[in-house]
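Data first, discussion second: the structure below is written as structure tokens.
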Amino acid sequence: MRYFIEFAYNGKNYCGWQSQPHSPSVQETLGRALSVLLRAETEITGAGRTDTGVHARQMFAHFDHDRPLDPALVQKFNSFLPKDIAVLRFIPVHDTAHARFDATSRTYEYHIHTFKDVFVNEGSWYNFHELDIAVMNQAAAILPDYTDFKCFSKTHTDVKTFNCRITEAYWKKSGTHLVFTISADRFLRNMVRAVVGTLVNAGLGKITVDDVREIIESRDRNRAGFSVPAHGLYLTRVQYPYITH
């Protein structure tokens, strides 16, 4: 039988989702605890890869097990996990369901605070500069006009295509807190952090909205903005046609 796990994590202490030699990963930590819970070596496949230090408010992974699982096992599973990973539920799915390939949409948020706050520093990027959110939203609004985002991709990656279909991209401000939300069918490595860095440059007046268009059309990573720090980035939603949220 195949199951999905829905879970969340604080990425501060991890090298990202994917298992890496000699570095703690969410995949390794979750898989080890699941193997103990089920008393069988169990492999898990995630909905995607998050980079070092990136968080997830909603993430999914799938695994196979030969017996039905009691929903009450969630509490026991959590007792095997560190405090920065929380399992929310097990979801029985069809045998060919795939956490990565079946996802139809992913949503990220990036958090910035413009007034120093010791209680949010670990989950939000402190940037004290005056940012023009109206200009940043004008620049964000052009992103769905494009599909090729090579300019925002980490260089020297082995992806077959740089195409992504962005369905929404916008900023919201509440006091001294800014949140950027972006949704797409898929994302490239480092893409969201590079997008945010480029939009921040627009908000600082370093580039114009037309410059953002030229950057995208150039397909040149060197022309795009810097990658903002990972600790402000959250995977917040992953959608599937057969899972009710």
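Each residue, glycine too, has its Cβ placed from N, Cα and C.
Model, not experiment: these values are computed from the prediction.
Copied over from TrEMBL:
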type	residues	note
ACT_SITE	ASP51	active site, nucleophile
BINDING	TYR108	substrate binding site
DOMAIN	148-241	domain 'Pseudouridine synthase I TruA alpha/beta'
| query | For ASP51 (active site, nucleophile), what is the secondary structure state per DSSP, taken as helix, strand or coil? | reply | coil
| Counting all other Cβ atoms within 10 Å across every protein chain shown, which of the recorded positions ASP51, TYR108 scores highest? | TYR108
| Helix-strand-coil residue split for the domain 'Pseudouridine synthase I TruA alpha/beta' (148-241), DSSP-based | 32 helix, 26 strand, 36 coil
| field | Alpha-carbon spacing, the residue listed as 'active site, nucleophile' to TYR108 (substrate binding site), which is rounded to whole Å | value | 13
